[in-house]
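Copied over from TrEMBL:
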type	residues	note
TRANSMEM	6-27	transmembrane segment
TRANSMEM	47-66	transmembrane segment
TRANSMEM	72-96	transmembrane segment
TRANSMEM	103-128	transmembrane segment
TRANSMEM	148-169	transmembrane segment
TRANSMEM	237-257	transmembrane segment
TRANSMEM	307-329	transmembrane segment
TRANSMEM	341-365	transmembrane segment
TRANSMEM	377-397	transmembrane segment
Amino acid sequence: MDIFRLFIISLMPVLKVLLVIIAGLILATQRFDLLGCDARRHLNNMVFYVFYPALIGCSLADTMTLEGLADLWFLPVNVLITCVIGSILGWILVIVTKPPRHLWGLVISCTSAANLGNMLLIILPALCEEKNNPFGGVASTCSANGKAYASLSLAIQIIYIWSILYFLLRMYANNEVKETNSNNSIIVAANGCTRDVLHDPVGLPQIHNDGNQKVSTTVKFKQLFMKIMRSESLRKIFAPATIAAIVGFLIGIATPIRKTFIGDNAPLRVIYSATELIGNAGIPSITLIVGANLLKGLSGSGVGPSVIIGILIIRNIFLPISAIGVIKATKHLSLVDEDSFYLFTLLIQYALPPAMNIGTISQMLGSGESEFSMIMLWNYIVAILTLTFWIAFYMWLVI
């Protein structure tokens, strides 16, 4: 297939994402005010608790089998490799550019976690549905596999974001509170809402212990266990999307359960169909939210140009180039199959903009939200060209 045809095919999914993002940005302006602060929060809750879990659960249940799970073992490993490489490059960036201390966690998060949610869920099926798609096979089967790859990637990254990056962002956000609000109990968050710092549930949990009273080891372990179980990050790790992924796995790999819900003769197929219908609202909803959030980036922020340029270089040049070396090494070691669509999925995970969940955490912590909007704005502007190029190049590489 000639390079021009590959470029046109790769441009289509990027344009789809861009058009929906622009629609979200327009709907968030004062003229329409349909995606204001409250509307975004409510829609984001619908995506978090309803749309995404339904989409992920159905995608995995429909395509995941015990044999398929064994073949896809490297997919979650690849997600972690992208995070490790991005984190290392992010640490180098903050050391070189020296942004404000409270933004270090944000910068490292933006270089380590990619948008494996709505971007992959749009790009992979869209490529399959293109006429004469370069991956061959039946479009519906290719599209279903693409949703499964994206759902599995997203489930793994949710665990990474809400376990490691959450603690990283919270640590530096707490530093900001200590530096600027040592004498105040109330601060104004980036979204304009006030929150009580002294009674902020986001802070690190404490184990209270009277110095004059000896506490047994059993009691200490019990207190530690309860602290972990009540922690915000653990609740986010077992978010609805993660639980839906587990349920989808169980339905997919357990043949008797699978035959109960999936298939023309399945007695409970109406439940699966209704859940799938709900899940279809997830992709456009989260993409509209992305566009609405980008509006805040137009007003500027405290992040310097050198930091933004550094993030753009890492996310759009260094990481995509490193993907080639990683995947070629895995092929040389026979760790992955030669399936072109699977290899393309592994490659494209390195070339996506930062994850939107970073903005969710920043909003929770009341630190770095406007800076994240600015970073995302420039990343999506640049991604129009770079993502199109890398999609075309990766397709040329694997077919």
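Glycine is no exception: its Cβ is also placed from the backbone N, Cα and C atoms.
If you count C-beta pairs under 8 angstroms between the transmembrane segment (377-397) and each of 47-66, 103-128, 307-329, 341-365, the highest count goes to 341-365.
Within the chain carrying the transmembrane segment (72-96), a Cβ under 8 angstroms from the stretch's Cβ atoms is held by residues 104, 107-114, 116, 149, 152-153, 156-157, 160, 164, 307, 310-311, 314-315, 318-319, 322-323, 326, 330, 335-336, 342, 345-346, 349-350, all 6 or more beyond its ends. Between the transmembrane segment (47-66) and the transmembrane segment (307-329), the number of CB pairs under 8 angstroms, six or more residues apart, is fewer than three, so the stretches are not in contact. Same-chain neighbours of the transmembrane segment (103-128): 9-10, 12-14, 16-17, 52, 55, 79, 82-84, 86-87, 89-91, 93-94, 134-135, 139, 142-143, 145-147, 149-151, 153-154, 157, 160-161, 165, 168-173, 282-283, 286-287, 290, 302-303, 307, 310-311, 314-315, 319, 341, 345, 348-358, 361-362, 368, 371-372, 375, 379, 391, 395, counting only residues six or more beyond its ends whose CB sits under 8 Å from a CB of the stretch.
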